[in-house]
Every structure is written in structure tokens, then in C-alpha cells.
Number of protein chains: 2
Amino acid sequence: MAPEASPTPRGLLFVMTGASGVGKGTIRARLLERVPMFYSISWTTREQRPGEVDGVDYHFRTREQFEAELLTGAGFLEHAEFVGNRYGTPRAPVEAALARGEHALLEIEVEGAMQVAAAAPEAVLIFIMPPSLSELRRRLVGRATETPERIERRLARAREEILAAHRFRYVVVNDRVERAVADLEALIRAEELRSTRWPQSELEGVISN
Amino acid sequence: MAPEASPTPRGLLFVMTGASGVGKGTIRARLLERVPMFYSISWTTREQRPGEVDGVDYHFRTREQFEAELLTGAGFLEHAEFVGNRYGTPRAPVEAALARGEHALLEIEVEGAMQVAAAAPEAVLIFIMPPSLSELRRRLVGRATETPERIERRLARAREEILAAHRFRYVVVNDRVERAVADLEALIRAEELRSTRWPQSELEGVISN
């Protein structure tokens, strides 16, 4: 029999999550410079703010478009409603990237990450851990974008999420950004090295060459 | 309550295996230069050869000592008999290293690795894969230490092992040694990042600081 070409292995789905203020966005930007991956941009029905770019910050959609995707389209890996607006990670572009053999990266809130875990059990969940809760408080206060009450609510939620960190496969401490990015690179490589990524046809290729 | 000091997390047990000639020894030596770990030296009852150093190449033991360890000592993580001589990985020094929080590395044959997996299910099994079987043949022939028949038997065994690579957690191709060592470093770091390595007391430490 003629040997068949090895199929492209499916890409891996990485879900990075953690508290507001922990530095997910910075880590994600640096990581994407170093490891080329498909980065999923969320859909939202909220209004576009000055400076935001459609297709970069979000895909801005009408509520009708969002609901059509949910009901008759490929749907969302996770979605939620905040203050009357809908937000979601559309399933189709992620699925297309994985099928092409590209890895995909989501950077989302913890509740959304748990939805993705339910919808895609093979997803690799990564929790970004602050060095301490007081450091997280400092970062949130430093942003100066939120009221003290809202900061306290975020910290209370962060406390619960940290205590439940065992729900995620990996925990990466964001003490120094470069270190956290190197840790993410290591775990991405390790996931690529899992024996489950070798189709039997590729093992047969090794012995027939 | 006064906060308790975080317990030292147990070290991780890495088991590197693969066919004779695949380059395990070279990879192991380079890896140990870069990642400090406890390296387990086997016991053997065979005679010491010229140039071999007791406690470096092997721990040379009498058959009586070996059997006493097996029957009344801490025993072996794996052991086997070849050509009338016994070989084994003593359990006690590995266990002591892990308890001190050091990682331990074993470099052993595939059958031994499967014994370790049964004795220590948390062990991280790593299969070193040759780029191809013909390359493995070239390396074995190049060593010029074995008869053609013995080489063919080794290759037949390697073929079986490669086809069963899914028994191991990770598969690292030894095409370029530096690349293989970097892959091992990545997977060691990833194993350190697993959420299961965080004791609840340490998660509580993050939120109380």
C-alpha cells in the first residue's frame, strides 16, 4: 500500500482566565508575539466606544445577529449577559482554526472558562494567579477606572476563584510578565508533546522510514 | 490562627525511556546540566567492568544484598534479570528525594518504565522517539558494539514500543539533542505548573497576603 500523508493534527485550544486586573491582557499580547496562534475575538452587542476597532477589540453585533448565531448558527463556546449587553466567543472561527491545525487562544473571565470546559472538554484551562490579593488590589486601584465598591466586589470574586484554582489544568503566577509568558510557552509546548497528539498513522510512519 | 508555613511540595518523578540507541543517555546528561534533579543510579549484581565507577555507573551489589532489598528493604520501583544478573531502581533514594521536594529522573528501558508506572501512578512517563527506524538502525550499527542479530532483535522491539507510544504521557523526538532537551525542560516546567501541585494552604496564602 502506498503510505498516506500524515493528517495535520488538530490545533489545541488554550483558555487563559483569571481575575480582572491580574494582567491577562498584557500576557496575551506578549504571548501572541512569541507563539503564533489564532486569537479569538469576542462578539458583543454593546455600543462601540471611541477608539475601539470593530474586529480588533470586539466584533460589534446587533442583538438580532447575536441571537441568530446562538439559535441557528454555530453558536458560542461561552456567552453571558452583563448590564443588558451580550458577550460571547463564537464557536465557528475557533473550530476552523483548530481544524487547520492552528492553536487557538481565548482570554476570558472565569465563568466563561468553565462554560468552555463543558463545551470543549479537551480545552487546556490556565488560571493566571496574582502574587497576592493585596497586589491585585493595588493593580485594580492603580487603574483608577472603578469605584471602591466595585473593586471590593471584584476582589471578593477573585478570592473565591483563587480558592477554586484546582478546576484549571495549570496555574501561572503573574509576578513578572516575562516569567509568566515563558511559563505559558512551556505549557503550550508540553501539550504539543503529549502522546495523544500522535495519530497511529504517524507512529507507523516512524517505523516504516 | 497563625498562618502555617507552606509545606514543601513533593518533587515530581520523571521516567525517560525509549529504545536502545535512541540517545537517552546523551539527553539525560545534558538535561541534568540544565535542570537540577535527583538522578537515580541502578543497582546491579553484574560484575564491575574496567572504567566503571561504583555509585556513578551503577551501585554494584551482591545477589544477597539485592535480594535482601527486595524482600525486607524498601524494594525497587522496577527490577529485572538479564543474562543471569539482576538490575533495579531502588525505591528508597527516589522516595527520599521526592520528599525533600526534589524532582527525580529515571532513565530506564521500556519494560522497567511500565513497572514504575504501576508502582508510582503519578510518575511522568516520557518516550524518546527516534526520527525514524532507519536512523535508529544507523545509530546502533554505528556503535559497533553488537552483533547484527542482536541489532535486529533490538529494532524489532523498538518497532513494538513505538507503535505503543500512547502508553507514555509525552513523546519527544530525538532529532537534534538540543531540541529534545529543550522539550524536556518545557514539559518539566509544565508539570510544575499543574494546579494539582498547589496545596490548599498555598492558595489560602495568596488570598491572605
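Glycine is treated like the rest: Cβ placed from N, Cα and C.
The following features are taken from TrEMBL:
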type	residues	note
BINDING	B:G18, B:A19, B:S20, B:G21, B:V22, B:G23, B:K24, B:G25	ATP binding site
DOMAIN	B:11-189	domain 'Guanylate kinase-like'
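TrEMBL feature annotations superimposed on the structure.
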{"residue": "B:G18", "record": "ATP binding site", "contacts (Cβ under 8 Å, 6+ apart)": "B:K24, B:V110, B:F127, B:I128, B:M129, B:P130, B:E161, B:N174"}
{"residue": "B:A19", "record": "ATP binding site", "contacts (Cβ under 8 Å, 6+ apart)": "B:V110, B:I128, B:P130, B:L136, B:R154, B:R157, B:A158, B:E161, B:I162"}
{"residue": "B:S20", "record": "ATP binding site", "contacts (Cβ under 8 Å, 6+ apart)": "B:E109, B:L140, B:R154, B:A158"}
{"residue": "B:G21", "record": "ATP binding site", "contacts (Cβ under 8 Å, 6+ apart)": "B:P130, B:L136, B:R139, B:L140, B:R143, B:R154"}
{"residue": "B:V22", "record": "ATP binding site", "contacts (Cβ under 8 Å, 6+ apart)": "B:I128, B:M129, B:P130, B:L136, B:R139, B:A158, B:N174"}
{"residue": "B:G23", "record": "ATP binding site", "contacts (Cβ under 8 Å, 6+ apart)": "B:I128, B:R139, B:N174, B:V177, B:A180"}
{"residue": "B:G25", "record": "ATP binding site", "contacts (Cβ under 8 Å, 6+ apart)": "B:E107"}
Cβ-Cβ neighbours of B:K24 (ATP binding site) (radius 10 Å): 20
Chain-mates of B:G18, B:A19, B:S20, B:G21, B:V22, B:G23, B:K24, B:G25 with C-beta within 8 Å of site centroid, ATP: B:I128, B:P130, B:L136, B:R139, B:N174
Across the domain 'Guanylate kinase-like' (B:11-189), average pLDDT on the 0 to 100 scale: 95
